[in-house]
Amino acid sequence: MAISTSHLLRQVQEAHEFDRDALFRYASANVAGFPALPPLSLSNSLRGIEAIVLFDKGVAPERRGAIYRETARALAALHSVDVDAIGLGKYGRRYNYCKRQVERWTRQYIASTGEGKSPRNPKMLELSDWLLQHIPSEDSSGVSAGLVHGDFRIDNVVFHPTEDRVIVFLTGNCPLLAYIVDVNLDNQQLEKGFELTGVPEGIPSQAEYLAEYCCASGTLWPANVWKFYVAFAMFRGASIYAGIHSRWIVGNATGGERARNAGNLANGLIDSAWDFIARKSVLPLQPPSDPIAQDNIKRFGGENEVQGLSEVNGRFVPSKKVVELRKKLIKFMEDHIYPMENEFYKLAQSSSRWTVHPGEERLKELAKKEGLWNLWIPFDSAERARKLIFDGRSYAVSNDAHDQLLGAGLSNLEYGYLCEIMGRSVWAPQVFNCGAPDTGNMEVLLRYGNKEQLLEWLVPILEGKIRSGFAMTEPQVASSDATNIECSIRRQGDSYIINGNKWWTSGAMDPRCRLLIVMGKTDFTTAKHKQQSMILVDIQTPGIHIERPLMVFGFDDAPHGHAEISFENVRVPAKNILLGEGRGFEIAQGRLGPGRLHHCMRLIGAAERGMQLMVERALSRRAFGKLISEHGSFRSDIAKCRVELEKTRLLVLEAADQLDRLGNKKARGTIAMAKVAAPNMALMVLDMAMQVHGAAGLSSDTVLSHLWATARTLRIADGPDEVHLGTIAKLELQRAKL
């Protein structure tokens, strides 16, 4: 509901003009720190306190940013006012504000244009139709009803004289119009806004400003409705300018000659609105991370406190290094990954599905330059590779200064905070070279490969030039028991001959896949845990046949894919054996720890994405007379989802911490718990999110069904629940016997 200040004042005290003297006398007497004002009239001028009211161009960038953020918080406070509690509930109407505003300004425009008036632009009427078709669902619910400021901008607020906080409003539709366009009656053309000319130093970006407002007001991130609100602001401005121009034509405009240009400005705003609507993306899908918390750290913490984040009480508090990497990663996801998801999906569903989207390779190069490449590599594995092939350096022989192949020197626990973010999109991990099965295969090479094998195979994967697959599972046996493997790897002179069938070899369909790590048996007669070996196989070797891509609940995950492969007398050099014959089971156990714990970390992120989409839907969708979010059953279910998610996150972090401190063997019990808990929790959350979305949740219009399919797969692909539960039970019984 909207109440202009002037209207409200007339309602409250119709016979009196607004008294600025009284306002400043009140502030002087009642606001702490406000200076005592001299006994002179300020009714006709604000001179004498313009340093408080006006935005000084000489203000330092830090303070300029603080002032803008404070205006966002002040606007949030205004919009959060309970109009009923302050006795204004009967002023205006709560429902359909946006719809009524569009209709009002359409009528205003039509009345101001036409014969003898400002020329009518048909695109304005088309814009009116578009707006009426895209009214946000919250408009009809009345859930967001509150006070609306009619002219909110930096020079319409009064700041405290010594602190960067707003103390008085001098009088929304859109306080961010200057970010998009800049209009002025003195200009001869519509000028570009901040986002095109560059945001002045210190002033937050549009997304940062909005995030500040949303955090302060508790408002949902408006990515899906932002086109409407910005287009409406331009629509309203165009109607106003058309009225000014019409008054100029008949000689009634107060702007004099400056009003001559108002018609051009109106048309410029109309064009800008349509340009804005035509954009594929106008906001990141998620807000920049926790702006208020970061601002408080800067304002109250100081450098020592920021550096000492790891010293804050609490077991799992990330270091400053991890916090900075996490911020960069979130921004990268918002700026590059989420906006490209639809494009990736389109290619994956087309006849060219088994090709790589050129945008993916571009993003990979950008990730390298941002220092977000190979973050998964544990510092101990990186140290071995550094000594073995890079002579102690972190860079490959290419001398590319950006190609830091061995990651950021993180522990498994530190990587957990980052891997979770990547898990929010099925497309993200591979962009950072942190996707399965490559990470597990690289881990095998880092830990068990010799120098020649690392140079031939590891370095190209580290560089992102090739990809890999892991061929273990077989269609004819229960492959969760690795002793059942039947694929044969027979020594013949200086070669090994491979025969057998594999399936669910993830990554083998990718045109960039060059390496397969194949698990088979070199000796069928020795002890059952000494029969298996692993060998490096070039996928282009004669005798390797890709039989078919396999579907996962209807998803073929192109271009990555999951292949069924046959090996017929495939001859591989003997030097390609990993660690020696009979060591395959040992290598497999080493691979099961860090690489598969990554799946758990990513599932936390997938569940968080599901929670976000679920809440957005519940706050905007009505059923049986009220919003879904108002139904008690929904509130109970989402609360349970949050409880399970947080429990699982702590368990995954604990597993990562034990992996770092105790090693894979001693941490295996907690790792097994995480592997059981994470996919089951994610399935619960994503199933709930799909339920809230109704039929849409089952479709490809959202990422939910794909995330759900991936989570369900991991209850098998990451080792069956029953195997992990057996491990947990065995360790529990052993403890009981001690």
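Even glycines carry a Cβ here, placed using N, Cα and C.
Straight from TrEMBL, the features:
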- 58-166: domain 'Aminoglycoside phosphotransferase' (DOMAIN)
- 469-570: domain 'Acyl-CoA oxidase/dehydrogenase middle' (DOMAIN)
- 582-730: domain 'Acyl-CoA dehydrogenase/oxidase C-terminal' (DOMAIN)
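Broken down by DSSP into helix, strand and coil, the domain 'Acyl-CoA dehydrogenase/oxidase C-terminal' (582-730) contains 124 helix, 4 strand, 21 coil. Mean pLDDT of the predicted structure over the domain 'Aminoglycoside phosphotransferase' (58-166): 80. Secondary structure of the domain 'Aminoglycoside phosphotransferase' (58-166) per DSSP, as helix, strand and coil residue counts: 54 helix, 6 strand, 49 coil.
DSSP states for the domain 'Acyl-CoA oxidase/dehydrogenase middle' (469-570), grouped as helix (H, G, I), strand (E, B) and coil, give 3 helix, 53 strand, 46 coil.
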